[in-house]
Amino acid sequence: MGVQGLWKLLECSGRQVSPEALEGKILAVDISIWLNQALKGVRDRHGNSIENPHLLTLFHRLCKLLFFRIRPIFVFDGDAPLLKKQTLVKRRQRKDLASSDSRKTTEKLLKTFLKRQAIKTAFRSKRDEALPSLTQVRRENDLYVLPPLQEEEKHSSEEEDEKEWQERMNQKQALQEEFFHNPQAIDIESEDFSSLPPEVKHEILTDMKEFTKRRRTLFEAMPEESDDFSQYQLKGLLKKNYLNQHIEHVQKEMNQQHSGHIRRQYEDEGGFLKEVESRRVVSEDTSHYILIKGIQAKTVAEVDSESLPSSSKMHGMSFDVKSSPCEKLKTEKEPDATPPSPRTLLAMQAALLGSSSEEELESENRRQARGRNAPAAVDEGSISPRTLSAIKRALDDDEDVKVCAGDDVQTGGPGAEEMRINSSTENSDEGLKVRDGKGIPFTATLASSSVNSAEEHVASTNEGREPTDSVPKEQMSLVHVGTEAFPISDESMIKDRKDRLPLESAVVRHSDAPGLPNGRELTPASPTCTNSVSKNETHAEVLEQQNELCPYESKFDSSLLSSDDETKCKPNSASEVIGPVSLQETSSIVSVPSEAVDNVENVVSFNAKEHENFLETIQEQQTTESAGQDLISIPKAVEPMEIDSEESESDGSFIEVQSVISDEELQAEFPETSKPPSEQGEEELVGTREGEAPAESESLLRDNSERDDVDGEPQEAEKDAEDSLHEWQDINLEELETLESNLLAQQNSLKAQKQQQERIAATVTGQMFLESQELLRLFGIPYIQAPMEAEAQCAILDLTDQTSGTITDDSDIWLFGARHVYRNFFNKNKFVEYYQYVDFHNQLGLDRNKLINLAYLLGSDYTEGIPTVGCVTAMEILNEFPGHGLEPLLKFSEWWHEAQKNPKIRPNPHDTKVKKKLRTLQLTPGFPNPAVAEAYLKPVVDDSKGSFLWGKPDLDKIREFCQRYFGWNRTKTDESLFPVLKQLDAQQTQLRIDSFFRLAQQEKEDAKRIKSQRLNRAVTCMLRKEKEAAASEIEAVSVAMEKEFELLDKAKGKTQKRGITNTLEESSSLKRKRLSDSKGKNTCGGFLGETCLSESSDGSSSEDAESSSLMNVQRRTAAKEPKTSASDSQNSVKEAPVKNGGATTSSSSDSDDDGGKEKMVLVTARSVFGKKRRKLRRARGRKRKT
């Protein structure tokens, strides 16, 4: 955090520096503030936090530092000092409070979101009520609407497809290169080649064939002799034929992949196919044909010996090849109908195996004649008699097609009734018995269109038994198929039924059918089962739909309501419930849109699920023994059921239909039959044997009564939800719009509040430190762990000249003694803010002690500061109470306490405006705490001096790191790292022009002025006071020195009286002594510092000294001064130049009268040979001239 507001105070002293100018400098980095900035500031464009923001920030900043060739040293925080721990405890409390507030805000946000969703739902319902309903409007698909994707294609992506295609092309290219290099390298007879996919083999063989055509001469030389040319041609022809055979074999293999399953299915059904060929139709893009050769079917005996599932699969398929006129009309109107699947075509071929073309023509003529004469009747003649007999034999063996009927089918009595839906596989015959509102029973046999035509042909021969004119055209017409043509005599079928006691029940949901009339209800019919199933009493009935009926929607599920076939039935017997029927209103129901089958009749088809889930029939039975037999009871009146029918000639488009009963009705009619759903989502009805029926039924009834209480709670919740929905019905659209807009505004405000609270609650953990250190090691950058404060460690590195400055935004570093700081290094601006201690000390008059005093007033990590005190007020306080160290704060605290003791006394009129304002401040007890200043002045740091080493970034490990923490791929990581590595590898660097002289712009920036007038006034007054204080100190020091000198002069004044004669004698004796010493030596001249001078010069000098001393004595006696000062006690000897042999000497001697000591004599001389050299040069010049 640093000192609050200190950067604002120092910004006038900072200047902008280009990052390029910092190239090669060693800078310390306080990483702790980076981590805090990343946690609190790094957000996505929606304001939400991202994953690993500290590592992402560190990565980008490292790249920038290294790009400018700066050598950083990262410093991590150590243990916090005691004073800082107290501040951190308070911060932690604020963070915990923000975290709890964030959770509350999240709950409010969720509630607001739910309210908005409820408003949208109600708003949509209101708007839908206002607009006309478009549910019954039939919309045809647009011409350019694509078919829905398969599940595999939905989960696949373009990238995966592209990768697969790329791998395939790489393999192909490798093979082509190897083949082009050496055509004999590829052995098409090898196992490796045969293990390749057929498509790849086909491409390779095709390339080889083309290669042999065009480039054969490159590898096989032409024969030189003409006789061998024919052999050359034959060899090429044989090789070409050899390749063609392999290509045909591969094509057959590819064809087998697409059409081979037809052969397998047909063989599973008991048939035999000699050959199946499938090819694409050239004239159409999406069509293909299947040619089946050598079809042989099983005999009837073989069919009887086969098991039920296989026979039902074979004979339950469609047999009609030629469609009716109505179907032809439909195909003309719908050209986009789905073509028949291979399985359907296979069934057609099997059905028409024994039919002749003449019989087909006759049946076609009879069917067209009947279609023109009696449109309500059923068409006949679409299948030959031989085909019909085959159908009869097949239906004899079908165990799942089993319809119980009696003489009282048309009665529709009030007893228990039974509805059975028979189905074995996707194309098996299925039946649904329906009764309209008048109680007339209708039975619908649900099958494909070709089977309908077959059954209509049989039913037309039995019109006498059950007339079809009894039902009007608007309702469903009944066509009864004679049971003599479909005998069911196999007793093994009934025995197989005995083992199927647990039957799957159907969940029936109430839904309105817009296509049905209001008075019509779909209810089960009421056939009565006899003790034995007779051949002559079995009826198959076909449900036909008229032109007036609209297409329906069918909702289907995997569960169907069923009962057991073992018990024998007798009419007019009471029914009891043996198994509960649970209802699940929230079960997933799939709606399948469909189209009308044709304009005359629509056939509803039921589709079973992939030969696994057989659709059990819904059957009502009456019991003859009320004591031991328990049956399923179905109500007579059931709500209308939505039915949607779709005809598609392919067997994969059959529609499954689920009949649904409303929850409330079944709860009312069967209060004891509710049961929770099973794990499979289906409901199992447990059938009972005759001896065990009473005991097990009683236990089931007890369990159901206990579960009723549990099911009551969800019903109450549903009722409350319905009541809450009814409350919205009286609200108009304008109120809903207003409420929704208010909720939207509240939601946005809660989002912003939550984001702010998350920023406050974010904290730096030790794991973040470890991850950051790992990234630094990968970049090869040194880092150190500070003993306590990272800012103090950076400052000591700067003070000991181990670094050239510090990159940080924490202003605490100035208080620890830093001299150079770079701020806002990673802003988008082109320049970095550079601060020096010398600059703001000269401009603002702030030193380290004053900065610590500002921390007391403004607040920092070690102290809270004084409330409502900013940087300007703090500078005014320091101006009002000057002093050194803590003296200003002690004065301020003393003055404030005095002012608070007598608040009612009239303030001093001499007080300034600042002091009047300072009276309202609130100081904490113990202000100022000297421990704060001690912590700043004497921090715990590591002052050892060592060398730092920088390594080269490890590219591979950095890529792996970015993949693990950021999810980046190799390309994105390289985009950031390659410019950095390129810049680091540069060997030569060039100096910038601003390194030679200062720019004019920089000089203008250095001359920034303080914008605040109050601050400018306070700084000016403070600087003036400092100058005045410095001047007064200097003046006091000078006065003190003068007094000391006067005392010294008085003490030394008595010893300064000396005789003039003594002085003259001393000087003359000194000169004589020097002359006597020099006479004993043979001298011939000298330089500075030598004592050997000429005699003439010595004599002249002595005479000059004596004359000068005599003149001085005469002047002093003439002046008659009674006292001599220390300054006048020195005797000066004037220099007198003496010419002797062209050499001049000058000397000065000073004597100190106070101490009576001799001073060193300074002698300056020229070379004695100076004039002689000049004369010699002149003589030489004359000689040359002569």
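Backbone N, Cα and C atoms are what each Cβ position is placed from, and that goes for glycine too.
Values in this document were obtained by computation on a predicted structure and should not be read as measured data.
Features as listed in Swiss-Prot:
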- Asp30, Asp77, Glu789, Glu791: Mg(2+) 1 binding site (BINDING)
- Asp810, Asp812, Asp861: Mg(2+) 2 binding site (BINDING)
- 325-336: compositional bias 'Basic and acidic residues' (COMPBIAS)
- 454-472: compositional bias 'Basic and acidic residues' (COMPBIAS)
- 1124-1133: compositional bias 'Polar residues' (COMPBIAS)
- 1169-1186: compositional bias 'Basic residues' (COMPBIAS)
- Lys8: N6-acetyllysine (MOD_RES)
- Ser384: phosphoserine (MOD_RES)
- Ser705: phosphoserine (MOD_RES)
- 1-78: region 'N-domain' (REGION)
- 79-785: region 'Spacer region' (REGION)
- 306-342: region 'Disordered' (REGION)
- 354-385: region 'Disordered' (REGION)
- 667-724: region 'Disordered' (REGION)
- 786-881: region 'I-domain' (REGION)
- 848-880: region 'DNA-binding' (REGION)
- 912-918: region 'DNA-binding' (REGION)
- 981-1009: region 'Interaction with PCNA' (REGION)
- 1011-1186: region 'Interaction with ERCC6/CSB' (REGION)
- 1056-1081: region 'Disordered' (REGION)
- 1095-1186: region 'Disordered' (REGION)
- 1169-1186: motif 'Nuclear localization signal 2' (MOTIF)
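Annotated features, which come from Swiss-Prot, shown on the structure.
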residue: Lys8; record: N6-acetyllysine; Cβ contacts under 8 Å, 6 or more apart: Cys871
residue: Asp30; record: Mg(2+) 1 binding site; Cβ contacts under 8 Å, 6 or more apart: Val75, Ala790, Glu791, Cys794, Thr806, Ile807, Thr808, Asp810, Ile813
residue: Asp77; record: Mg(2+) 1 binding site; Cβ contacts under 8 Å, 6 or more apart: Ser32, Ala786, Met788, Glu789, Ala790
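Residues in the region 'I-domain' (786-881) partition by DSSP class (helix H, G, I; strand E, B; coil) as 43 helix, 11 strand, 42 coil. Under 8 Å from some Cβ of the region 'DNA-binding' (848-880) lie the Cβ atoms of residues 1-6, 8-9, 81, 83-84, 87, 812, 814-815, 817, 886, 888-889, 892, 912, 914-915, 917-918, 921-924, 927-929, 932-933, 935-937, 1012, 1014-1015, 1018-1019, 1021-1022, 1025, all in the same chain and six or more residues away from its ends. The Cβ of Asp810 has fewer other Cβ atoms within 10 Å than any other of the binding-site residues Glu789, Glu791, Asp810, Asp812. Using a 10 Å Cβ-Cβ cutoff, Asp861 (Mg(2+) 2 binding site) registers 23 neighbours. Annotated Mg(2+) 1 site Asp30, Asp77, Glu789, Glu791; additional same-chain residues within 8 Å of its Cβ mean position, judged by their own Cβ, are Ser32, Ile33, Val75, Ala786, Ala790, Ala792, Gln793, Cys794, Thr808, Asp810, Asp812, Ile813.
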